[in-house]
Ligand SMILES: NC(=O)C1=CN([C@@H]2O[C@H](COP(=O)(O)OP(=O)(O)OC[C@H]3O[C@@H](n4cnc5c(N)ncnc54)[C@H](O)[C@@H]3O)[C@@H](O)[C@H]2O)[C@@H](O)CC1
Ligand SMILES: Nc1ncnc2c1ncn2[C@@H]1O[C@H](COP(=O)(O)OP(=O)(O)O)[C@@H](O)[C@H]1O
Ligand SMILES: [K+]
């Protein structure tokens, strides 16, 4: 089994770096390996003898740049190196790396990028401490304006390693070589878009050290949850595969529930029932075949249906309406202690009532699936949950606060569990931004939970499978297509 990909924050990486040094690997050795990895990548991007311009910063990122510059010059490239700040201010390993550089050092403001065949951006890495200004910012803007290929060392300078935010200005790289593990900025937007293709170079920090310092943040990929995917046994019957219940909106708002229901069925829930308000039974009946239908008159109706213990997973929210009735249905579901996915109107109905959700979901597996707007409405008046700059931190705090898995949607969907685990998704496509796509996602997650997949893994798998289906379809995708693409994605995963 492949191990899940660890993602380390800049401070975790610094600690891992220190642990590695304490375990007997000298810092300069780590830097040499990092610089060599950069040089090897540069060689793939520039033809022999090409002009390579290295922009080095005042810290260790600059040190990596010096090592790469020296190796590339030895290998016959025409290397020019510009430094931000005086060479005398370089410290520690970076100072040692600079001593190995036999070429001249140009002040950064005199460095010309327009003549380069390749630019190596070694200005700032994980040590960026404030917004770019002055010469640093000008250098970044000139690099971008040159339209030459850029190879970023560790991360594109100006990108915040923790949050992926642009701090004043940031390099737009074609390729990024990072070390030991990816950092959040390689997966979170807009950082991810600034990185180009990212390569992770092994610089000899052993995985146990990375696990000890990181170990809670992952890239969302099958390695994280494939082992949890349900495979029906030879003698399985449908009730062993779970029964998902999806609440429908009124007569003119029924499509969302059917999208979720179909997705739950496609991902393997043995049975799926739409719980419909009486006035919408006719519309729902006209559109459902394998999916069953039950009349459900508000919270009392839901309470009655849930007396049947076989309904083991629920979707509440899509097109249910923003009102107290929806809140009451959530309360009924929570008391029934079934696996639960809450989306859309089930979240918005709690606008300004975040305190009602404090610890509310700690008794049964629950997944909340807000997009950014829903998240802001849901936690209005809770700056502790809304203010952190990092999307991961916001989602983590919301999970700890509510006791639910929180799935904060977007191009860089983040999934967090109350125990602190977090995953960042990256296999989506902008074609997923289409009406009803989120409803389908709810159904996938509930369908997995109905089959016994734990909430965090169900959310992570649901997001990945949803995105993969969207990616496979591409242009013209509508929400109805997504569930139909799930079997192909599942077949590949279960192979
Ligand atoms: N952690 C590790 O395992 C390894 C790290 N290495 C490199 O070390 C880097 C981190 O090194 P550092 O911690 O020295 O940090 P950086 O080199 O990223 O930057 C820190 C330096 O930039 C200055 N600075 C920060 N923000 C600035 C701003 N907005 N404007 C002007 N100056 C600013 C700081 O005063 C400091 O001198 C990594 O990104 C990586 O490239 C590698 O050498 C290999 C090993
Ligand atoms: N640019 C994008 N790249 C990747 N995925 C995206 C992008 N925009 C939206 N998505 C995904 O599409 C889905 C949209 O969900 P949502 O906003 O709830 O839509 P709806 O309410 O119409 O169903 C989410 O899973 C979200 O992560
Ligand atoms: K950099």
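Placed from the backbone N, Cα and C atoms, the Cβ positions cover glycine too.
Residues or ranges marked as domain 'YjeF N-terminal' by TrEMBL: 13-211.
Sequence annotations record features per position, and here TrEMBL assigns (6S)-NADPHX binding site to 60-64, 125-131, 154, 256, 371, 439. Taken residue by residue with DSSP, residue 64 ((6S)-NADPHX binding site) is part of a helix.
The K(+) binding site annotation in TrEMBL covers 61, 121, 157. Counting every protein chain shown, the number of other Cβ atoms lying within 10 Å of the Cβ of residue 157 (K(+) binding site) is 30.
Here TrEMBL flags 221-493 as domain 'YjeF C-terminal'.
Taking Cβ-Cβ distances under 8 Å and a sequence separation of 6 or more, the neighbours of residue 411 (AMP binding site) in its chain are 189, 428, 430. Annotation comment: TrEMBL describes 409, 410, 411, 412, 413, 438 as AMP binding site.
When the binding-site residues 128, 409, 410 are screened for a Cα within 10 A of the Cα of residue 157 (K(+) binding site), the ones that qualify are 128. Cβ environment of residue 121 (K(+) binding site): 55, 143, 150, 151, 152, 153, 156, 157, 171, 173 lie under 8 Å away, each six or more residues apart in the same chain.
Listed binding-site residues: 64, 154, 412. The one with the lowest count of other Cβ atoms within 10 Å of its Cβ is 412. Annotated pair residue 64 ((6S)-NADPHX binding site) and residue 410 (AMP binding site), C-alpha to C-alpha distance, rounded: 34 Å. In this structure the C-alpha atoms belonging to residue 413 (AMP binding site) and residue 371 ((6S)-NADPHX binding site) are separated by 9 Å. In this structure, 61, 121, 157 are the binding-site residues from 61, 121, 157, 411, 413 whose C-beta falls under 6 Å of some atom of ligand 3.
Among the binding-site residues 130, 157, 371, 410, 412, 438, residues whose Cβ is positioned under 6 Å from ligand 1 are identified as 130.
When the binding-site residues 61, 154, 371, 409, 411, 413 are checked against ligand 2, 371, 409, 411, 413 have a Cβ within less than 6 Å of one of its atoms.
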